[in-house]
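Report on the following structure.
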Amino acid sequence: MRLRGRRAPLAIGVCALLVAATACGGADGSEEPGRTTLVVKTFSQFGYQDLYKQYESSHPGIKIKEENIGKLGDYTPKLQQWMASGSGAGDVVALEEGILIQFMARPDKFVNLLDHGASSLQGDFLEWKWKQGLTSDGAKLVGLGTDVGAQGMCYRTDLFAKAGLPTDRDQVGALWPTWDAYLATGQRFMTARTGASFFDSSGSVYLNMLMQLSDHTYYDTANNLVIDTNPAVKAAWDKTVQMIQAGLSGNIAAYSPQWNAGFKNGRFATIPCPSWMLGTIEKQSGPENAGRWDVAKVPGNGAVRGGSFLAVPTQSKHQREAAELVKFLTSPLGQMAAFKAVNNFPSSPKAIDEPAVRNFTNAYFNDAPVGKIFGDSVKALKPVYLGPDNNPVNDRVTNALTAIEQGKLSPEAAWANAVAEAKRVAG
Amino acid sequence: MTRLLDRLDKVASPYLFIAPFFVIFGIFGLFPVGYTAWVSLHAWDISGAQGFVGLDNFVTLFGDPNFWNAIVNTLGMLILSTVPQLVIALILANALNQRMRGLVFYRLGVLAPIVTSVAAVGIVFSQIFDRDAGLVNGMLHLVGVPPIDWHADKWSSWIAISTMVSWRWIGYNALIYLAAMQAVPRDLYEAAEIDGATKARQFWAITVPMIRPAVLFTVIVSTIGGTQLFTEPLIFGQGGFAISGGSLRQFQTVSMYMFEKAFRDFDYGYGSAVAWMIFVLIMLLTLINFLLTRHWGGRA
């Protein structure tokens, strides 16, 4: 609040000085009387274009403007600034799981959706997803769930054929009931010398295992850092190191240009793919690789990585209208539409069981029944508690794994490094 | 009444005319500096100020190995990019100062890198220094050198980033030198010619000393730029957690460390402390540069 009080007179001063009405007026000032423009801030792909049109036609007087930032990494600091300065966040913001956890410390920055009749919607969401957006006393609902990052394992059928492995997705899924079996399959794959590595880089494999192994990761539910005492963390780490040492990793950093090109050139044969990543894979691999990718079940029992929420910042001038829009976009119907548009997997049990989702196949991925694969993955799932600095700590662990891949640190030194860095972050 | 207005006009008008600069500087220059200092004295996270902690953030900072690592990286890349950059610029400017065909074309040519977007430069150079399909590794392969993972080591990543920075700024510095060289009186060279001085001798004995103010200027500007190095290493880093500057922070600069603490770990108080240390570092380096260059000037 102090921040806001200080900035306001200054801002007025600047406006008066520059007489720049356009720069200072802001988006809200320019709207026609009787019409409300709702600004929705999103990152990556949410697939809401059709839903906006639908909503606008059924709600005359409402106009929706989406402002999208491609990368979550670029979106996060901007969101920070909007929230801290009290302006710029628009009317609806998308909160990725990790950001939500950090903002749960300040529920007062967001409109309590329970005040806008959200309590009747609880049955529309998976129980743990609903709870993630709810303060621990149950009094405030910060965000309503959109998608969940249901996990599958994407793989290249052409590379599998080259290596003499089965290519049918059920047979492929049967190759790896466990991560040990995944490792063994990887070793078989590597002996065939296809020129590709078995997976892109260790970070996503590691995280996938970690999310399956325990109900919490780096923090216990009392928010104590337990990275060096939670056996699940060390188990996932050790298994990942084993895979690196077996030569399965291509050491290709996720979201780097090499990674983007790697999809096109087939530089890696498998990649653990949360549902929201299918769109990325399709975009990066391009039409020339259509039908070469397929989706199988992930080793172990399901898992979830990522997933988002929609929230209304208290700085919005149209809180009531914005809350209505959030309820619409996160409704089972809205979630189904988003799934069809960009494969963001619903967090609504109703939507998950709809035939339209359940029977959905993805043409690009060899007509894989992704609706069923991801649905089973989500249902096998136990919620995992993520502590406040979960993402920064995970960044450090991933970096330590990369250092092993680059041959710069021994596994022991890398582990010591990761733990020390994690303690510095949390301390 | 008119006389009063007239007097007011004479006294106040000049101040009013120069006021916009100072007001804007106050708002966008001084206020953030002061505010950052205020934040740096607090525990300040995503939920706002968590209380006054005095110099705690600075104390932690001085014992933070990652901070010192970032300082070493910044200074290392500063030297590795600035020194060759200015020497090459000087030689280039001297070449452009000769009579030759197509002079305008060349002079415009050296300017081209500056108008290129830094992001584009970063992306192109990341490709050139790519481990698997990069141009540099391709050429090394021709002479039998195994491919280098440019991101993995300090020395290799520093070279790659410094090349990027130098490429962008050589032309800019060369033009400044060229402008200064044009102002050197021709008769000095004629006299030197008569005395039998070679071109090289003329360059070191006349040109360089005569353009000393320009050299001083470029050294200081490059130092400030180098201390704030951010975009090039960030783009070179790539991937989800590029702000750490490599798996073991091989090429993380102080600016990157500041950004990581403030916007990745949401520790704004600590980030502000780092920001203030960058400010102090720049002042220090500028002072050293100034003294050194003046000393050098005194000898010449």
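Easy rule for this one: first residue shown is 1, then count along the chain.
Keep in mind that glycine also has a Cβ here, set from the backbone N, Cα and C atoms.
Unlike curated records, TrEMBL annotations are generated automatically.
A Cβ distance under 8 Å defines the sequence-distant neighbours of the transmembrane segment (B:12-35), meaning residues of its chain 6+ beyond its ends; these are 279. Taken from TrEMBL, the feature transmembrane segment applies to B:12-35 (among others).
The feature transmembrane segment is assigned by TrEMBL to B:67-92 (among others).
Residues or ranges marked as domain 'ABC transmembrane type-1' in TrEMBL: B:71-289.
If one looks beyond the transmembrane segment (B:104-129) by at least 6 residues along the same chain, the residues whose Cβ comes under 8 Å of a Cβ in the stretch are 92, 96, 135-137, 150, 160, 163-164, 167-172, 174-175, 178, 231-232, 234-236, 238. Per TrEMBL, the feature transmembrane segment maps to B:104-129 (among others).
Long-range contacts of the transmembrane segment (B:155-180) within its own chain (CB-CB distance under 8 A, at least 6 residues past either end) are made by residues 73, 76-77, 80-81, 84-86, 88-90, 92-94, 96-97, 107, 109-114, 116, 118, 121-122, 125, 129, 148-149, 210-211, 213-215, 217-218, 222, 225-226, 229, 232-233, 236, 245-246, 250-251. As annotated by TrEMBL, transmembrane segment applies to B:155-180 (among others).
With a cut-off of 8 Å between Cβ atoms, the residues of this chain six or more beyond the transmembrane segment (B:203-224) that come close are 78, 81-82, 85-86, 89-90, 94, 97, 169, 173, 176-177, 179-181, 184, 188-189, 192, 197, 282, 285-286, 289-290, 293-294, 297, 300. Residues annotated as transmembrane segment in TrEMBL: B:203-224 (among others).
The transmembrane segment annotation in TrEMBL covers B:273-292 (among others). Using a Cβ-Cβ cut-off under 8 Å and counting only residues 6 or more beyond its ends in the same chain, the transmembrane segment (B:273-292) has close neighbours at 33, 36-37, 40, 57-58, 61, 67, 71, 74, 216, 219-220, 223-224, 227-228, 254-255, 257-258, 261-262.
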